[in-house]
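Visitor: Here you go, one structure.
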Amino acid sequence: MSRARSHLRSAFLLAAVSPLSATTRFGARRGLSAWPAPQEPGMEYQDAVRTLNTLQTNASYLEQVKRQRGDPQTQLEAMELFLARSGLQLEDLDQLNIIHVTGTKGKVRERIRINGQPISPELFTNHFWRLYHRLQETKDGSSCVSMPAYFRFLTLMAFHIFLQEKVDLAVVEVGIGGAYDCTNIIRKPVVCGVSSLGLDHTSLLGDTVEKIAWQKGGIFKRGVPAFTVLQPDGPLAVLRDRAQQISCPLYLCPPLEALEEGGPPLTLGLEGEHQRSNAALALQLARCWLQQKDHQGIGELKASQPSLQWQLPLAPVFQPTSHMQHGLRDTEWPGRTQVLRRGPLTWYLDGAHTVSSVQACVRWFRQALRGRDRPDSGPEVRVLLFNSTGDRDPAALLKLLQPCQFHYAVFCPNLTEVSPTGNEDQQNFTVTLDQVLLRCLTHQQHWSRLDKEQASPNLWNSPGPEPGGPASLLLAPCLPHPVSTSSLVFSCISHALQWISQGRDPVFQPPSPPRGLLAHPVAGSGASVLREAAAIHVLVTGSLHLVGGVLKLLEPSLSQ
């Protein structure tokens, strides 16, 4: 077994593992494999991304999709038709060893990975144009939808890449939900996984966790083992019923502590207590796949487990192998509980965007502050950089962030620069620039209202207790907290980072700030505070796309 294969990531994307010697192989099989790469001038990576962005749905079409989403069979039949037009059949997908999971979002190249690495711009570009030209040439004038939408296209492209690269294992994450999702044309996965459930995409999936659980359980297949982690009773019962209806053996993952008994503690590369749940699921999925493929050394069983009160059997408790332990320890997930220390600035990056994930983000951030190295002298400043998109409730998310006691709250859209030139990855045709800026102003208004509601003479001196130590430890070396947090709205991520960092980040050194950046009184006075602070702690959260844009500027090597 290759080393890469043993390191199954707990971060689930459209990802695959292949032999270490794998190279791009274009055989003479059915589909796009035998097509020569187009050599038209100018068809570079950014051209491919710009063309891909034209497949985004506009706001009016999104509303139409929501109204028509009631018939899952229609959705899946449309995806099967696109698959056939691309040169593949369902039988081709049956050849892939697939772990089908629910999880998190990615972005363009990051959505498709092999051996843990995003595919190269060259590989992306070649496969994109092959698929795009094939679908263009097979358009049917009678069809109301002649080209697949954005995520459908990327899913088709991932299938082609995984087949042509002859990967050993493909980890395929649903786009939204499960039952109606375009990835659910997969008929024969090796195993399925459902991670912790929360309220997200409620306009499409339903406004309760039980309704969302029904959607997630739509990826279950007859006779295919499935695993989930501990959920509230309601959604767990829904998952159980969905599995029983189609004779899918569903198991509940025991907590990670059970797998640590009698062995060394498992070290996770990802911070945050909630990542232990993800790790427990990843280990069970990895072991199940290895077991079905008759691999040796899949982890020694410790004990058989009885059924639980939810009538779900516990998954096996086993001793993780050394490869599994290394995989958990070496896992990296940019933008999730990630910390970048840059001189006086510490950036805390977490793409949390649901109530449950923001709650976990707050716990992680406050715990990280307790364990920080404190400066010998000078004040510390806490800054929030936030945005939210879609049908999420920003007021609810911002309320959860209030206990972090920020000195400044900064809001901006998910655009690295005001001009879209060179930022094709972040183009979003579903909303206008005016709409995203108005949403940022709405976020600022929510924050101001929450500040006023929370303001009281003893509020900042009497924070509620939290496991691991009194929250008042946060205040000791910091600036006196104002009765209300100062807040600002910037037109792009770059301007927000320039104001927050004040030229003190040794890596992020943009050209001179635009004229008027400090025109607002709060911006001017805050700039002086930030320049003189001994330490600046910046939490970036609310949107994975916001975090991705921040990383693009703070870690340029990630975009290479």
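Glycine residues also receive a Cβ, built from the backbone N, Cα and C atoms like all the rest.
Because the structure is a prediction, the values reported are computed rather than measured.
The following feature annotations were taken from TrEMBL:
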- 1-22: signal peptide (SIGNAL)
- GLU173, HIS201: Mg(2+) binding site (BINDING)
- ARG336, ASP350: ATP binding site (BINDING)
Visitor: Quick check for the class: what is the C-alpha distance, in angstrom and rounded, between GLU173 (Mg(2+) binding site) and ASP350 (ATP binding site)?
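Guide: Their Cα atoms are separated by 19 Å.
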Visitor: Near ASP350 (ATP binding site), which residues of its chain come within a Cβ-Cβ distance under 8 Å, counting only those 6 or more away in sequence?
Guide: GLY272, GLY335, ARG336, THR337, GLN338, SER357, CYS361, TRP364, PHE365, LEU539, VAL540, THR541, VAL547
Visitor: Report, as a single number, how many Cβ atoms besides its own are within 10 Å of the Cβ of GLU173 (Mg(2+) binding site).
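Guide: Total other Cβ atoms inside 10 Å, all chains included: 23.
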Visitor: Looking only at Cβ atoms, how many others are within 10 Å of the one on ARG336 (ATP binding site)?
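Guide: For ARG336 (ATP binding site), the count of other Cβ atoms within 10 Å is 25.
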